[in-house]
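Peer 1: Heads up, here are the entries from TrEMBL:
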{"type": "ACT_SITE", "residues": "16", "note": "active site, for sulfotransferase activity"}
{"type": "BINDING", "residues": "16, 17, 18, 19, 20, 99, 107, 207, 222, 223, 224, 225, 226", "note": "3'-phosphoadenylyl sulfate binding site"}
{"type": "DISULFID", "residues": "208-217", "note": "disulfide bond"}
{"type": "DOMAIN", "residues": "7-246", "note": "domain 'Sulfotransferase'"}
């Protein structure tokens, strides 16, 4: 009685915002099934040309009462993804998880830094990547990904605001349950995720998941220590994002506790 379904909900981003944590936590819900990997169907042309059947075949088997969710953080910043998703299903529900844009930049850098170290490639200090000739390097991809207003504008051309639920990534990590209950309501699902599904792991410094008699934490690549950033550079980043944040708050009729 199961079949593979095109997702009724997609986590569209943002990269280093907490998409993996959100997906794993939603996977607790009996009415949700999740795609195991990031599919990159709507943002990578070489995948998109393979067609919708190829996409469907990458989804897990589900029952009729279950919602299929996939997450690809690259969708949020992709110029093509909003229109392509709309063409597939104009009434789809989208989940967008965001965190403080400056923290997101540092987290983005940290991931690339560790990947380069593991591949024995040369690395640069955070300050040397973010600052060029004494000024903020706004061409740096990590900074561009944190300009939430610029990307959101593209999504709002194709979807109404009530189709996009924004999850506060900073809150999800500190206190997962309230954020997940909001998602349950947004997806019109019965309330099934409980506080007993989480426990705080002192060693890792974040919440881990307890469900079906098993305990699991996010991969060790999550929650890596961030570099200590020069306070002047931090202030430059905060100052740069202030205007972008203000525009974003206005767009989505909601303020966040960001610098």
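Please read every residue number as a count from 1 along the shown chain.
Each Cβ is built from the backbone N, Cα and C atoms, and glycine gets one as well.
Unlike curated entries, TrEMBL annotations are predicted automatically.
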Peer 1: Please report the distance from the Cα of the residue listed as 'active site, for sulfotransferase activity' to the Cα of residue 224 (3'-phosphoadenylyl sulfate binding site), rounded to the nearest angstrom.
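Peer 2: If we compare the Cα positions of the residue listed as 'active site, for sulfotransferase activity' and residue 224 (3'-phosphoadenylyl sulfate binding site), the gap is 12 Å.
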Peer 1: Could you tell me the C-alpha distance between residue 18 (3'-phosphoadenylyl sulfate binding site) and residue 208 (disulfide bond) in angstrom, no decimals?
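Peer 2: Here the two Cα atoms are 13 Å apart.
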Peer 1: List the Cα distance (Å, whole number) between residue 107 (3'-phosphoadenylyl sulfate binding site) and residue 217 (disulfide bond).
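Peer 2: Rounded to the nearest whole number, the Cα-Cα distance is 19 Å.
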Peer 1: Between the binding-site residues 20, 224, 226, whose Cβ has more other Cβ atoms within 10 Å than any of the rest?
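Peer 2: That would be 20, with the most Cβ atoms nearby.
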Peer 1: Taking only the Cα atoms, work out how far residue 224 (3'-phosphoadenylyl sulfate binding site) lies from residue 217 (disulfide bond), in Å, as a whole number.
Peer 2: 13
